Amino acid sequence: MADENQEIGGIHFPFPFPPYPIQKDFMAELYKVLEGGKIGIFESPTGTGKSLSLICGALSWLRDFEKKKLQAEALLLAPGSGPPSSEKNSLLTSSSCQEPTDTPRPAGEPDWVTEFVQKKEERDLVERLREEQVRRRKREERLKEVCQDGRLRFAAKRTKHEEEETEALLRLSREMLDAGTGPEQLEQLECGEEHLVLAEYESDEERRGSRVDEAEDDLEEEHITKIYYCSRTHSQLAQFVREVLKSPFGKETRLVSLGSRQTLCVNEDVKNLGSVQLMNDRCVDMQRSKREKNGTGEDKPKRKRQKIQTSCPFYNHEQMELLRDEILLEVKDMEQLVALGKEARACPYYGSRFAIPAAQLVVLPYPMLLHAATRQAAGIRLQGQVVIIDEAHNLIDTITNIHSTEVNGSQLCQAHSQLLQYMERYRKRLKAKNLMYIKQILYLLEKFVAVLGGNVKQNPTTQSLSQTGSELKSINDFLFQSQVDNINLFKVQRYLEKSMLSRKLFGFTECFGVVLPSLSDSQENRGLAGFQQFLKSLQSGPTEDSPEEGQAVALRPASPLMHIEAFLAALTTANQDGRVIVNRQGSVGQSSLKFLLLNPAVHFAQVVKECRAVVIAGGTMQPMSDFREQLLACSGVEAGRVVEFSCGHVIPPDNILPLIICSGPSNQQLEFTYQRRELPQMVEETGRILCNLCNVVPGGVVCFLPSYEYLRQVHAHWDKTGLLTRLSVRKKIFQEPKRASQVEQVLMAYSKCIMSCSHSEGHLTGALLLSVVGGKMSEGINFSDDLGRCVVMVGMPYPNIKSPELQEKMAYLNQTLPRTQGQPLPGTVLIENLCMKAINQSIGRAIRHQRDFASIVLLDHRYARPSILAKLPAWIRDRVEVKATFGPAFAAVRKFHREKSHPSLV
């Protein structure tokens, strides 16, 4: 279909087809938010073309911004012409990633000084713009050249032979080293063990002034103004990239897809490690060894371990720069990026990072944007940029979960044992500073286990605890109780990050996790043999048959220190922004320490502070008050900077029938509170309602219940009373599985049943899917057309108010957020909002496109309360009908589906 060029308010928005009116409104409002540097909360129901509205609206703004910038640059750089002051200021504040340089002058400063400073600022601006111009021209020429001659593939073939020769030389060198040549030998180590020893550590203070930073700043070019788009899953990001390709901007946009090493790594040895943390550490370790080998080392004698380390064959700067250019030439998804990296023998993970500065649109998953350390490691610079966070209905929970972490007693004891054995093994080779930090970490681990009531010298699985239960503490109280308040956790965290101790420890367990005959015979290694036995006792899962004598036993325990690092980092959070939950169970191994983040705004504040504009978008964003109060206001965003936009649905008003039913067929009032929902009469009334609905609704009926446990109880009761048999007459019954791996299988069977019923004349008219609010079926699954002709919500899924985490969060909000006169406490509002967000996300599964139709049935009289109605999505709220009794409700459902399924009979 030919592209449409829509003009809205004097702005041209290219669009692949005539947009809906709500899409026009969406794009116009989005353009205003980006132009004005605002924070926008956008709600556009699924099925209304939200992705295309975001793409065409945002990229239209970027197109116009770049044009204005080029025009202003030309004006400023024209010989003999000076731009007006306002234009100069505009350039200064909007130039890519540059902080405004205009600073207020001191009062009473002489005019000639002020004039001199202003002229210098103008000269600096002109110089910077000239440099940007040169870089832009070089980039355009480079991309044009790559497009014309296909250098990348040619270069890959040319260098392959050279790399094979290099690898052969490396093998020869390793064989020579394994023979034990060289004057420096403190003691004989096992083959390949040298790289496990920590290098000499320098703190930040010692490094200061000698630029030994790991970041390769000299390789980075200036970041142009761009849009960062992030979503929850890789499948959602892939779908977004496909939408960009289909849009009028698909051929001209420089788009980069970012992902984790788990997604983009092409080195099979690294991929086989499995864990993302292990892959990250191994990758960085290989880069370090490459830098060590490339260094001159003339001023220092090279240590043996530096010579035997291997580097990644895909980490080749020349090849990665060529891969970067290929990425920028045309839009590519993750699969294409990986395939191109393999063909070019260049790392897609780093190739995509190299492409960030020149990219116009960067597509990335949530953690890469919302976690500061990950963001920094990826080379993402937010200063002056635009961020769009899609599928953001759970944004607050996502930030909280990313920065909350838990470690159990087994992990703490295992890490202590591993680290102690490591220190004893390499004590003579470790420098004093390394030993100091290792002893501090051992002390921390010992004290954390003691807080749980255990002893690191004993097996955690057999240490029983006399006192059990959960205890919630402030960060400072926890540190005092643990007797570790005198340790600088910031320095320990930095040491772990820079020394890569976790990675060394993992290599150590890999090396000595295999029982070799020599180990049991050697006096030196008896301690390690005991260490192996301890590790075996901590392994989870079924016990395998014992191997025959002399046979190696393969143990691959990943060092839990990697996991504990995140917990230590969390403990550096400000005291008021987090809590530590000490959870004591039957044994030390089952007990745990959990860090709970209370204030997600502390991590979101940097994003909104640095960015030019931020857009938070989703299909169901109601209630929006959480975003305003918990996230934006607490991040220091002024109310005047926040813009809210919510549009209706594209479906005709008569294609949806939302009903609130207050009582059932036997006049039993529907109130599914925690105290009443398990009563036999309530469970039976629910079954009777579903039986009636299934008799008149064609295709699929999706029924959401508050929890898996309640679903199990209801299903068992219906089976016992015969209600399940009555339901099965019209609908085949499916249940949502707890295991995520089984969801796809159940969905396929559910869909297949409905399709087969639509082509048959039997009694079976479709299927009933019993699902759980907050489960896999309530998010990301589309029940379009016959798959979801009726969505039933049983009760109101309030969260467990007895949860210590939730109680602490409520107390925190009551203490920190202002309370409006006559309104409930912020903590009470939180409970209601969590419930309504889950409901809105679930009932939004039914309507997926303009010609779709469905009935939405809310079973609970509490839905009729004005405060609850106000938090439903506007497109549902405006059409909802409250039915006090079941008879009129049933008649309305029957009439609706008869008219929609058989319009010719009406």
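Glycine residues also receive a Cβ, built from the backbone N, Cα and C atoms like all the rest.
Record features, source Swiss-Prot:
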- 9-442: domain 'Helicase ATP-binding' (DOMAIN)
- 78-111: region 'Disordered' (REGION)
- 85-96: compositional bias 'Low complexity' (COMPBIAS)
- Ser260: phosphoserine (MOD_RES)
- 284-310: region 'Disordered' (REGION)
- 284-301: compositional bias 'Basic and acidic residues' (COMPBIAS)
- 390-393: motif 'DEAH box' (MOTIF)
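Ser260 (phosphoserine) falls outside any helix or strand according to DSSP and counts as coil.
Summed and averaged per residue, pLDDT over the motif 'DEAH box' (390-393) gives 92. Residues in the motif 'DEAH box' (390-393) partition by DSSP class (helix H, G, I; strand E, B; coil) as 2 helix, 0 strand, 2 coil. All protein chains included, Ser260 (phosphoserine) registers 18 other Cβ atoms within 10 Å of its own Cβ.
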